[in-house]
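> This structure is in structure tokens; I'll ask about it shortly.
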Amino acid sequence: MTLFSLAKKNIIGNFKNYLLYFISMIFSVVIYYTFVSLQYSPEVQNAIESSDSILNIFIAGSAVLILFVSIFIFYSNSFFTKKRKKEVGLYSLLGLKKKTIGRMLFYENIFMGGIAVLIGIIVGTILSKLFTMMVLKLLDAPVEVSFGLSVEAIINTLIVFLIISLVTSFQAYRLIYRFKLIELFRAEKEGEKVPKQSFIAAIASIIFIGFSYWLGFEPPTENLQVLTNLVLFLISIVAGTYLLFRFLTVYILRRIQNRKSSYYKGTNLVGISQLIYRINGNARTLTIIALLSAVTVSAISVGYSFYYTNEKQAEKAAPFSYMHISASDSTDREIEDVIQSDTEHAVIGQIDIPVIIASGEVTSPILQDYLENGPIKIVSEHTYHEALEILGKECNIQLTDKQTLGIQPLLTEYTSDNYKGHTVTVQLPNKELDLTFHSMAEDRIIPWSYPDFTIVVSDQLFSEIAAHVNPVTIKAYEVADEKTTKDTASQLQSLASEEMHLTTYYDVYREGLESGGLNLFILGFLGLVFLAATGSIIYFKQITEAHEDRGRYEILRKIGVSRKEVNAIIRKQMIFVFGLPLIIGVVHGLVILQIASNIFSVLIGTDLTVPIVVTTLVYFIIYLGYYFLTLTTVKNTVNN
């Protein structure tokens, strides 16, 4: 019998011991293959009109997934090898050479890796159709997906997991060389060291986390400060979270120990003492879980927010269905004929919007920083009211000749307080006009361009300014069911020149839908992977500890502790292990969302309540499933 045959027979004969590691490998292959197959899916590529962006998004997602899958497999492998130390020691005791044992472990790992990749690709092929349908649904595209294998995705997956399998197999080979024989036999009997109590470290954890939260809610004023704050935030939150689990929890549990009335009540003595002794081994794991939970909640919430706010953002960036600067009578007429000929999308309203573009300054510091030396766009009060009426909106403000109404720039949180009472100086060829801001309005009527500084003046004042500066005319059309005007929008783009600055609601909406849909899917997919991994990490850790603790629970039963009381001890420990990192992770995630809203301008002023609540609720439900699975398995391990 060859050594490879012996390794294969060993796996089949002891499959129960290999099962957890084997499943984690299959899971890793499935998620990676499924994700990569979407990148090469013709249905997804056809549904995305801005095809240049899809490749970059998928490449970035694949890179994150490779890194995460590698860490997850190495983490699972470390649990697996720890359980096998005694078995490896027995081989050595029976006289097998270290080189022979190492080669056998190497072959076992390669064999399992090969089978896992094969099964993972088969399962991934089945699931890829489901996930492709989900992507198409998010992109509002026809959900018609053919079933088939992606050769490119298979090759990509084989290369990635061949490298990972070789690395983990080499780790298995080195196992016999890294430990002495006595250490291999005593692996399961190694107890946790008594955790040190440090009041200073406990306080430091609060300071680090508090500082990171302060950075999150402190809006940066410069681009360089954004990067600096981000680095400081990451360092502080990681250090603070580790110190919290390593020292602050120990400090709190020690204080509970000192309260004799509660400590000696029921089985608290056993449960609390066991938690304290487990902190050393669990601090790093709980830190990883809390941070992954934070990343998961924030990533999915951000992705959902982009998708959730797309329609509102599109309406602001392109207020009308079609808008363009008037070029010539013939071109304008040609464009209007195309719009009018689309009988499926009847014209609801049509308006010419004269816009004066001038330079100027404002007394409000925040507005001046935004405007810098950019142009000011001026529209008349009558035109503004008429345009709003077509859009189904209204504005009841009446302006005098010395007043002006500011329009909130897109992607800002400016309010009337930033405008009211301040003045704007409009610079004309022969004179300057000083106007006082009456207030600010949120409703826009012209397309977005940076700097997005628009003001409304009285009709008489507009006529006076127009005598010095010739206005440009923006022709605007509002049609029914503007989300489905793909063909007309495409026709207009082929007719319009670059100088006309044609803006169609469909193009803006579709670009946001594709970007938001892909972001939601990719961030959601990665988030669910992180969630599955965090649940699996806790599961592996608790099952390993349950096997080690069976002797201790047996002693408790012998001295009269009932099975019900043992289960109560286990349940309290599971609530601590699952609950604390979940709470910390969700709170961290909310702070990360605050930082994201400062960085991503599209999230500024957006109500994220719905995305956050939905994401947290879904995360909690799935996490709860892992809790009950782990609790049931640990109970069965300890009691049977």
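Glycine is no exception: its Cβ is also placed from the backbone N, Cα and C atoms.
Remember, TrEMBL labels are computer predictions, not curated facts.
Checked TrEMBL, it gives:
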- 18-35: transmembrane segment (TRANSMEM)
- 55-75: transmembrane segment (TRANSMEM)
- 61-176: domain 'ABC3 transporter permease C-terminal' (DOMAIN)
- 106-133: transmembrane segment (TRANSMEM)
- 153-177: transmembrane segment (TRANSMEM)
- 198-217: transmembrane segment (TRANSMEM)
- 229-253: transmembrane segment (TRANSMEM)
- 286-307: transmembrane segment (TRANSMEM)
- 520-540: transmembrane segment (TRANSMEM)
- 525-631: domain 'ABC3 transporter permease C-terminal' (DOMAIN)
- 574-596: transmembrane segment (TRANSMEM)
- 608-629: transmembrane segment (TRANSMEM)
> As a quick check of your reading of DSSP, tell me how many residues in the domain 'ABC3 transporter permease C-terminal' (525-631) are helical, how many are strand and how many are coil.
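Helix/strand/coil tally for the domain 'ABC3 transporter permease C-terminal' (525-631): 97 helix, 0 strand, 10 coil.
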> Are there 3 or more C-beta pairs under 8 Å linking the transmembrane segment (574-596) with the transmembrane segment (198-217), counting only pairs at least 6 apart in sequence?
yes
> Looking at the domain 'ABC3 transporter permease C-terminal' (525-631) alone, can you tell me the average pLDDT?
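Across the residues of the domain 'ABC3 transporter permease C-terminal' (525-631) the model's pLDDT averages 80 on the 0 to 100 scale.
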